[in-house]
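The annotation active site, proton acceptor is assigned in Swiss-Prot to Lys70. The shikimate binding site annotation in Swiss-Prot covers Ser19, Val20, Ser21, Thr66, Asn91, Asp106, Tyr227. Feature annotation from Swiss-Prot assigns NADP(+) binding site to Gly130, Ala131, Gly132, Gly133, Ser134, Ala225, Gly248; the stated evidence is sequence analysis.
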Amino acid sequence: MQTIPDALFGIIGYPVSHSVSPAMQNAAFKHCKLNYLYLTIAAKPEDLQNVIASMRPLNIRGLNVTIPHKIEVIKYIDTLDPAAKKIGAVNTIVNENGQLKGYNTDFGGFVRLLEHNRIAPAKHRFALLGAGGSAHAISLAICTLGGHLTVLARQEEKAKDLAAKMCLRFKGKAQGLELNEANLEETLAESDIIVNCTPIGMGNLAGQSLIPPRLLRPDLTVIDAIYNPCKTRLLEDAEKKGAKIINGLEMLVWQGAMSFEIWTSQKAPFRVMMKEAEMALDENEK
């Protein structure tokens, strides 16, 4: 017989049905003998405020926040952790007796991904596609660790704004450009690591890529923050060109482990979470 959970958690986004976060977080709760339940919550942008407000009466203890809400959600929470305030995006919320506090674990998740793959940003030039919530955290990680960054986004103003925020802290280590083929060609010729922080390649956009295959080459490292599918069109094209490819699953699990620790004050069982995430992803792709 199922028992009523002692606390509810979840992930809010749109779309969100692809997420493996419920599988890995519920496995972590079970491993740590916590009677908690983690759910998916699909919320369109126009519903975001009401869903966040419902955390209080429904006593939802915590949420992860994913595309497209990581920046907009800041309007609807009470306080920000200093790191989230600096990044300007939130991917983790804690309900502390009715007070909603926002955190960002994407920064730490990306740093762990770089460390695991032995990438020292100070030695590299990065081309970052997108200027949304994940891009804010990842750009700060790159610049904090000494990397040179070019942000490319379809809305040039957003790319320039994000780059300007980085330049205020890191003295000219970032620039922002409109994402078009001419700027891509010029930027990629001068870069050795590409990071995709857009949703192009997942959900209804699966099978698409922002980068023409002719611009890819063997000496590149291509990182896609997307983890489902585990190999996007961008990663497939890069692999065919002989480039090193990295998907977003490891970053997802690291940031999820950090969220778990914020919510529970317990050490996250990283290996349990990674194994469960891999199994859930395999099941999703059948």
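Note: Cβ is positioned from N, Cα and C throughout, glycine not excepted.
Here the binding-site residues are Ser21, Thr66, Ser134; the one with the fewest Cβ atoms within 10 Å of its Cβ is Thr66. For the NADP(+) site, whose binding residues are given in the record as Gly130, Ala131, Gly132, Gly133, Ser134, Ala225, Gly248, the maximum C-alpha distance rounds to 17 Å. Ranked by how many other Cβ atoms sit within 10 Å of their Cβ, the binding-site residues Val20, Ala131, Ala225 place Val20 at the bottom. Taking the C-alpha atom of Ser21 (shikimate binding site) as reference, the shortest distance to any of the binding-site residues Gly130, Gly132, Gly248 belongs to Gly248. Each residue contributes its Cα atom, and for Tyr227 (shikimate binding site) and Gly133 (NADP(+) binding site) these two points are 16 Å apart.
Of all the binding-site residues listed here (Gly133, Ser134, Ala225), Ser134 has the Cα closest to the Cα of Asp106 (shikimate binding site). Long-range C-beta contacts of Gly133 (NADP(+) binding site), restricted to its own chain and to partners at least six residues apart, with a cutoff below 8 Å, comprise Val65, Ile67, Pro68, His69, Lys70, Ile71, Ala89, Val90, Asn91, Asp106.
Neighbour density for Gly248 (NADP(+) binding site): within 10 A of its CB lie 25 other CB atoms from the protein chains shown.
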